[in-house]
Amino acid sequence: MYIKYIKSEPPSDGFGNSNANDGRLLSSSPGAGTGGTATGNNKPAPGPPEEQQTLLAVLQFLKKSKLAESAEILRREAGLPEDALDPKGTDASGSGPGLAAGSGQVDGVDASSLLSRVTVSSSAAAQAPKKDSSLAACFYSLSASPDQPDVSVVLSAYSQQGDPSLYDAYYSGLKRFIESVLDCHRAELSQLFYPLFVHMYLELVYNNNESVAKAFFEKFSGDQECYYEQDLRILSSLTKKEHMKGNETLLDFRTSKFVLRISRDSYQLLKRHLQERQNNQIWNIIQEHLYIDIFDGMPRSKSQIDAMSGSLAGEARREANKAKVFYGLLKEPEIELPLDDEDEEAENEEGKPKKKKPKKDSMGSKSKKQDPNAPLQTRIPLPELKDSDKLDKIMYMKESTKRIRLGSDNLPSICFYTFLNAYQGLTAVDVTDDSSLIAGGFADSTVRVWSVTPKKLRKVKSAADLNLIDKESDDVLERIMDEKTASELKILYGHSGPVYGISFSPDRNYLLSSSEDGTIRLWSLQTFTCLVGYKGHNYPVWDTQFSPYGYYFVSGGHDRVARLWATDHYQPLRIFAGHLADITCTRFHPNSNYVATGSSDRTIRLWDVLNGNCVRIFTGHKGPIHALAFSPNGKFLASGATDGRVLLWDIGHGLMVGELKGHTDTIYSLRFSRDGEILASGSMDNTVRLWDAMKAFDDLETDDFTAATGHIHLQDNSQELLLGTYMTKSTPVLHLHFTRRNLLLAAGAYNP
């Protein structure tokens with residue numbers, strides 16, 4: 001019996017099968033059969049004396065480390081008698097199968113020397129014989145800190161376990177087998193090609209078989225899916241063992257398991273093939289680096305698999321999307337309209353106010369009833385409404401009565417703000433909720449704010465002048481502003497690198513900006529000065545966004561971590577860690593209880609603000625994600641990426657429910673209309689496209705969601721859902737914004 005890996009985790013069937021737990025306590029070679037038991041009735045005979053001695057020493061080590069369950073399973077797998085774990089079960093001479101109680105000898109060999117053999121450092125493990133090497137690496141990992149994976153430990157698992165000249169034959173043999181199976185299984189099993197190719201290549205490089213590795217790469221890299229092209233380009237640069245240390249891509253592959261979702265029939269087919277061929281090399285890689293999520297039912301089609309694949313670490317595990325998500329909207333505070341407004345309405349015909357009232361109530365965000373899918377009002381602490389906030393709510397409600405109802409037969413008008421002569425390099429744009437201000441972040445480290453209404457931007461007067469003002473007057477808010485400073489544009493200086501993300505606060509008093517310099521700055525729009533610099537990220541911060549209720553904001557950057565902040569705390573409140581590459585965009589859910597992040601690892605994650613947990617992982621994009629938008633009712637999420645596709649997600653069920661194809665370049669902005677009927681997308685292909693979101697979501701067959709497999713067949717109906725395409729002359733679309741009356745604003749820098 002040849003023991004491969006030992007881990008201090010619950011048992012598995014060696015494939016990371018989701019029916020067992022993910023952890024692997026012991027995985028035997030294919031000859032051991034399903035679930036790690038020997039094929040047939042006979043227990044495997046213990047190997048040569050030296051191997052048996054090593055096994056006994058390992059058993060003692062496990063027992064001493066209080067891993068009795070692990071030791072018992074290992075003993076059963078090795079076919080040793082029950083008293084092998086009991087020192088007292090041997091005679092004094094040490095001739096029995098266990099260690100003698102007082103002798104410290106195993107068949108004449110010193111037990112301590114055996115233990116030292118299996119607990120050598122990882123550097124020694126790389127040069128030790130292959131059997132001891134793999135055990136050494138495993139035991140080192142038991143004692144290593146789980147929080148900080150040691151690079152040498154991570155790499156030591158690539159110690160040579162097979163003849164390098166046979167890797168080509170192993171991979172070719174599996175390829176021939178998969179290509180020969182029935183079509184229904186071929187699509188699922190073909191998912192194995194990419195992760196196996198990567199790990200076999202890295203194993204060859206790590207063991208200094210450079211020429212063999214190069215030949216292996218050249219022969220099989222062309223067989224991989226086109227969406228792995230960028231990853232393969234990085235992989236091709238790893239040609240020597242020295243290149244592997246500290247390489248981020250390598251550590252991603254090593255520390256995160258590649259997830260494959262396969263039907264039980266396809267899984268059994270693969271397992272039987274590997275057992276018959278005694279293909280230990282492939283088996284070991286599957287055990288160590290892959291997680292196979294098995295489901296009962298019909299195998300998935302090629303199109304279903306392609307729709308969900310493409311991320312750096314494969315698909316999301318099904319249990320990752322099972323947590324309850326409160327996607328409903330919070331109940332809005334009841335604000336009475338002032339008397340003068342009612343008087344104005346009284347002057348109109350009697351029927352008009354009656355028509356207006358239902359319109360307000362029909363708004364998703366103005367529902368008087370508590371949404372059953374909504375979180376508790378007190379689930380997270382939200383700021384109290386100030387008088388100025390209440391006035392703004394009244395203005396919002398009045399404007400919403402004049403809102404144009406959009407649909408497939410009533411498309412919005414589009415107003416495009418073109419930044420001319422933007423030699424500073426426009427990198428980010430945002431518009432206030434009331435559409436009165438527009439801000440741009442630039443590559444020259446500045447933030448520029450414009451007023452897009454006749455009302456000019458003014459600073460608050462100096463402290464000395466403020467003391468002369470009558471604070472009891474009705475127009476005190478006007479009097480505190482200094483007319484001498486009035487202008488259409490204000491420039492904010494402070495960052496020391498390009499500004500990649502900006503966000504206005506809902507009350508229009510503050511502006512956030514994030515930069516390559518690793519900081520997020522909070523600017524006052526009363527004084528146009530920097531109030532706070534938030535330092536937590538160590539690398540460029542690609543995006544930041546205010547909560548819909550203000551006070552909280554989120555940021556994400558090159559350090560692969562998103563952070564939740566509050567404006568009055570200089571340290572982050574939550575750190576959302578899990579992405580395998582840069583976080584490129586962030587977005588708050590309309591109820592402020594969740595944050596969505598899009599990443600260069602080609603996944604989208606939804607995080608719970610309350611506890612910092614990841615409650616959804618969405619895979620399907622074939623390139624880095626640059627745009628996210630929640631539907632106004634909070635139920636759906638739209639995402640756009642460098643692959644030019646817009647994907648639609650059902651948050652409650654954790655499933656992809658639509659794919660919108662049409663753009664030919666990176667999608668940089670997505671926005672739903674105020675009532676959610678229309679989805680607008682802006683791209684680097686210089687177009688704005690409008691999609692029928694209402695039809696996309698209404699056509700969903702909810703019965704599909706309850707299927708055991710959790711897979712739905714996506715309709716290829718992009719052309720039916722596309723309502724219009726609007727070209728700019730030569731201006732990539734960086735930002736989209738629907739006004740309160742559903743006029744669509746777009747912005748970008750002219751590219752001559």
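Note: Cβ is positioned from N, Cα and C throughout, glycine not excepted.
The compositional bias 'Polar residues' annotation in TrEMBL covers 15-30.
The compositional bias 'Basic and acidic residues' feature in TrEMBL is assigned to 78-89 (among others).
Positions annotated as compositional bias 'Acidic residues' by TrEMBL: 337-348.
Residues annotated as compositional bias 'Basic and acidic residues' in TrEMBL: 360-371 (among others).
What TrEMBL lists as domain 'TFIID subunit TAF5 NTD2' is 162-290.
Look at TrEMBL and you will find 1-53 (among others) tagged as region 'Disordered'.
Taken from TrEMBL, the feature region 'Disordered' applies to 78-105 (among others).
Marked as region 'Disordered' by TrEMBL: 337-382 (among others).
Residues of the same chain lying 6 or more positions beyond the ends of the repeat 'WD' (419-460) and with a Cβ under 8 Å from any Cβ of it are 392, 395-396, 466, 480-483, 485-504, 506, 508, 511, 513, 515, 517, 523, 525-528, 734-735, 737, 739-740, 743, 745, 747-750. Under the heading repeat 'WD', TrEMBL lists 419-460 (among others).
TrEMBL lists 492-527 (among others) with the feature repeat 'WD'. Over the repeat 'WD' (492-527), the average per-residue pLDDT in this prediction is 94.
According to TrEMBL, the feature repeat 'WD' maps to 534-565 (among others).
Distant neighbours of the repeat 'WD' (576-617): 248, 252, 256, 310-313, 316-317, 320-321, 323, 325-330, 365, 374-375, 379-380, 382, 501, 542-549, 552, 554-558, 560-564, 623-630, 632-634, 637, 639, 641, 649, 651, 654; these residues of the same chain sit at least 6 beyond its ends, with a Cβ under 8 Å from one of its Cβ atoms. Sequence annotations record features per position, and here TrEMBL assigns repeat 'WD' to 576-617 (among others).
Feature annotation from TrEMBL assigns repeat 'WD' to 618-651 (among others).
Positions annotated as repeat 'WD' by TrEMBL: 660-692 (among others). DSSP labels the residues of the repeat 'WD' (660-692) in these numbers: 0 helix, 20 strand, 13 coil.
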Who are the chain neighbours of the repeat 'WD' (660-692) in space, where the CB to CB distance is under 8 Å and they lie at least 6 residues beyond its ends?
363-364, 400, 403, 405-408, 411-412, 414, 416, 623, 626-633, 638-642, 644-648, 716, 718-738, 740, 742, 744, 746, 748
